[in-house]
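The block underneath contains the structure these notes are about, expressed in structure tokens.
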């Protein structure tokens, strides 16, 4: 004997058990101590809204909430060497991607996020209810990971480190299950359709026993479809009904079961019509649509994840004894590796010896070889094409490729605002559909009872909101995948929606629109005492120990002319202004015109850097930081897309204006502090502009966070990359225009899909209600509608640009 069901998990309550928890001002019965403890935890934390929002029941809590073995497993995850395997450091915080067990619906995700956000030390917790992943960022100084995971276990959810191999196996299992079910439904559809055609065309001259035979064979073929292939729809429908939030599988299941029961009745008693072909086709097309969605979602992060799989497991380490081959896990930062021609680099590092061309396509999609030499940074995944390189290791675990995969997973784990809206609309649509179907059945039962069943079936099938639910998420997933293919790695799914609204883009100058590497463009001498090469040698002598971009440019120019460089004596630095010293017994000064004016009575010409002695102004040096090769093309493309460009830079106004003039950019603001950049963006936003900020510097963090959307250059600072919504890989800028175009295209596709899905339902509903739409036509229409939105969304991945 039992006395009702558990309010928490809906399992039967054993007879005589009296466990209750007050929820919504009423005592709610619980089936065991585990559910009682979990429910009390939810109520005491002020999270009772979970029971309002859930669309599936919670799992029954078996045994101890946190078994001793699980506690020990959680405690092991606190060990530093184990956390290094699945955690990343984000400043003072740590971040981990975890797999969740026990998530049944969106309300579970809401509950986990709310619960964790109230725990001491948790900075952010994001749950994706469809992928069952938790992205957790916490402060290890305030909370141990084991404490947070144990608190989740007390609510009935188990979180453990995300394992890509386990995830891949799960995907392959789901894919195989779908394919088997699709195969069963496809085989039955073909066979039953042949029988249906025979029954239809032979209805007037077919013998009764022949008609009966074809019906019985059709019943036999359709039984595996209804009992096996369509089983996932029933399971989903039942759990959603138990929770009081019917989903799209409810009308699907009702239609399938009613059609099968009615057809079986007609077959047994030799009366009425049969709909076995509609059942099989409906199930086949519905499974096909779900399968397409599964594959589309998986493809979204397959590209970046495959980049990790392609990395070699061993490397060639250079030691005093020679070259040894060792596993990547044994390599430490600071060690030297040998990268032979044709090999793929497994770590991030800096070239210390050698010159070669490398293939960066695994990171950027650009197959054009890039020249790399001493001092250049190279990332895991690059392929050496020509000469051997000696590379100093800078990062083994948290490489650029690993960061890309993490950001891609983070974007796909998040739920964009358009997806949330579409899900909400679909949920209400299901309820409305059930009401309309009930009204239709009632009307026809009293007016033409012999047609009531098939007309109701047509209503349920034709207006199933499958296309409505697929319209937005498939487009978002395809958009994120297309961004990744172009070299823009999104960190949030909302980026596409933000990019679609952009009408103004602001660039930092140095390192963003330019290469960030100064070079000497002009040396003008003012006396006959020294020629250009000698001027460079003197300047290099003064700057030989300096460490700033101007000094680097002077040294490179002097070395290019093969000048003999001696270190100056009595060097005195004026940081930010200039330097003085003795070169071959002569006192010389090198610096800005203002600095030189303080040390000479002569007229000082206008140059970026001036060289002078006590007696005369010797020379002036000008520098250039050339724009990136495709900067001009980028600005032109943005203009065509309706986006106006501006340069907001901390560099001098004259240099900023010069670059803006070169690139045909009207708005150029120089001498900006971080506060000035922030104020400029806020001003534009107050005017109604949607601003995309592109930057790379440490001082770009605040403005990247403030902008409506932001992209950081991959070679920029960690602060910039953490603050931005996306990271641009490679040296090309054109992917920025592609990103804006993808955002606009994704928005158009979503509108098209939603318009099609809603329009189709509005057109087909009166036809179905009025009895003008046969069930088999309804099946084809619904299935075609779902496939159309999926195929339309996939167009985003193949768009050019």
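The first residue you see is number 1, and the count goes up from there.
Note that Cβ sites are derived from N, Cα and C of the backbone, with glycine treated the same way.
Database features, via TrEMBL:
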{"type": "DOMAIN", "residues": "94-160", "note": "domain 'HMA'"}
{"type": "TRANSMEM", "residues": "178-201", "note": "transmembrane segment"}
{"type": "TRANSMEM", "residues": "213-234", "note": "transmembrane segment"}
{"type": "TRANSMEM", "residues": "246-268", "note": "transmembrane segment"}
{"type": "TRANSMEM", "residues": "274-292", "note": "transmembrane segment"}
{"type": "TRANSMEM", "residues": "425-446", "note": "transmembrane segment"}
{"type": "TRANSMEM", "residues": "452-472", "note": "transmembrane segment"}
{"type": "TRANSMEM", "residues": "754-770", "note": "transmembrane segment"}
{"type": "TRANSMEM", "residues": "776-794", "note": "transmembrane segment"}
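Among residues of the same chain six or more beyond the transmembrane segment (213-234), those with a C-beta under 8 A of the stretch's C-beta atoms are 181-182, 184-185, 187-188, 191-192, 195-196, 198-199, 249, 252-253, 256-257, 260, 263-264, 266-267, 274, 276-277, 279-280, 283-284, 286-287.
Secondary structure of the domain 'HMA' (94-160) per DSSP, as helix, strand and coil residue counts: 21 helix, 24 strand, 22 coil. Same-chain neighbours of the transmembrane segment (776-794): 196, 275, 277-278, 281-282, 284-286, 288-289, 292-293, 296, 457-458, 461-464, 466-467, 470-471, 474-475, 477-478, 749, 752-753, 756-757, 760, 764, 768, counting only residues six or more beyond its ends whose CB sits under 8 Å from a CB of the stretch. At the 8 Å Cβ threshold, with sequence separation of at least 6, the transmembrane segment (425-446) comes into contact with the transmembrane segment (754-770) through 3 or more pairs. Mean pLDDT for the domain 'HMA' (94-160) in the predicted structure: 80.
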